[in-house]
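Among the features that TrEMBL reports, domain 'Manganese/iron superoxide dismutase N-terminal' is placed at B:45-122. Residues or ranges marked as Mn(2+) binding site by TrEMBL: B:His67, B:His115, B:Asp204, B:His208. Per TrEMBL, domain 'Manganese/iron superoxide dismutase C-terminal' is recorded for B:135-236.
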Amino acid sequence: MAMALPLAYASSVVNPFEAGRLSFSTKATKHKKHIYQFRKVTKVLAYYGLANPPYKLDALEPYMSRRTLELHWGNIHRGYVDSLNKQLANSPLYGCTMEELIKTTFNNGNPLPEYNNAAEVWNHDFFWESMQPNGGRLPWGGVLDQIEKDFGSFSNFRDEFVHSAMMLFGSGWVWLVLKTNERRLSIVRTSNAVCPLVWGDIPIISLDMWEHAYYLDYKVF
Amino acid sequence: MALRALLTKRAPTLASGLGPFASAGGSGTGWQGLCHARGLKVAALPDLEYDYGALAPAISGEIMRLHHQKHHKAYVSNYNDALEKLDAAMAKGDVAAVVRLQSAIKFNGGGHINHTIFWKNLKPVNEGGGEPPHATLGWAIDTDFGSLEALVQKMNAEGAALQGSGWVWLALEKERKKLLVETTANQDPLVTKGANLVPLLGIDVWEHAYYLQYKNVKPDYLKNIWKVMNWKYASEVYDSEAA
């Protein structure tokens, strides 16, 4: 999941289409030369880029409208990325991978101010990946085997997942995670921006249950 | 418009506190009758004192309708369900069930309390909405915040900064007779932040309160809601509690 890599840029705008493709070191060495050659140089900043969802914004219709994705990705997700970059501009925390940043800023349950933005950036990246156009088929292979082992059947799992989502009070997420210690799948509900990465679990799929994720399309619930 | 106001004001099925006729949404009348027989007072969805469209353009009619008829009604209905289950669990001495029901009661009961206050906090412009407070509350605001503008700015800042779902409140601390700005998460009522806190004004910053109209631009919603703020109600509460 290398969506949000740190990128070093002197002064140009981050090109979102190249967000995943530039490596940290090549840009850094290029800029080191610049720093010594020119006295007037803008500060080198580590930047997180907003990655595109792996499909066009209307690809999930009719279940999730283009308008929802335009706002959810284009405004809300982008907002978290921009806020995070602003926060990190003067912080010793930049230069981490997103996962490292999330675990560090979660601070064992006493989150630092950057946590919320970092986690929401990652959560949304993961959420776009959890969905696909023309999806809805049953899982297969190892995932299905494990689901059947841990939930009895796929439809049991789905019922439990939906029930968990309906029981969420306030804003939050529902996750299917692989619990690393117990070596089994589990459905986990988190509040606001909490991400199961902080407990060392491995998310498999997620569902955004903040109202902004469904309100335009489904109104209430 | 006027006809609809007449209907909402007089619709007996939605009126509050009318015993066995108190309606709490589509869950049927069976358990309500039973609850009443056992002396259990169920919650009821209060009427609005204005049309759904009367707060536009600050808050759209669509939002008001959904907010009242779907969200608030669901809190009432779910609270009543939980209350009935709690009653049964208490009668049986089922401690685990009593404890398990607490979060549903807090969430739905809190939602009912908070929204009941919220509807009274709002008033159409042509009925005095947005008119600034005078006299006692006005002076108290100047004393505790410097000016009305400073208070509005503070509440808007706290509302904008609130992560996730919650409320931002103008509260009266009864003991010290001081005004405070407080926030609560999810549907926690103001008293969860202090037993002596009395809510004068609350602003719902759950996304459902503004998303359809303002999308994710919460600050615009916060800026505009003051145009329909019912300071008269806040003053009345202040005067009765701070006396």
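Placement of Cβ uses the backbone N, Cα and C atoms for every residue, glycine included.
Automatic, uncurated: that is what TrEMBL annotation is.
Since this is a predicted model, take the numbers as computed values, not measurements.
Features per TrEMBL, on structure.
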residue: B:His67; record: Mn(2+) binding site; CB count, 10 Å: 24
residue: B:His115; record: Mn(2+) binding site; CB count, 10 Å: 24
residue: B:Asp204; record: Mn(2+) binding site; CB count, 10 Å: 24
residue: B:His208; record: Mn(2+) binding site; CB count, 10 Å: 19
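Note: B:His208, taken in sequence order from the binding-site residues B:His67, B:Asp204, B:His208, have a C-beta within a distance under 8 Å of a chain A C-beta. Helix first, then strand, then coil: DSSP counts for the domain 'Manganese/iron superoxide dismutase C-terminal' (B:135-236) stand at 53 helix, 25 strand, 24 coil. Compute the center of the Cβ atoms of B:His67, B:His115, B:Asp204, B:His208, which mark the site for Mn(2+); besides them, the chain residues with Cβ within 8 Å of that center are B:His68, B:His71, B:His72, B:Phe118, B:Trp206, B:Ala209.
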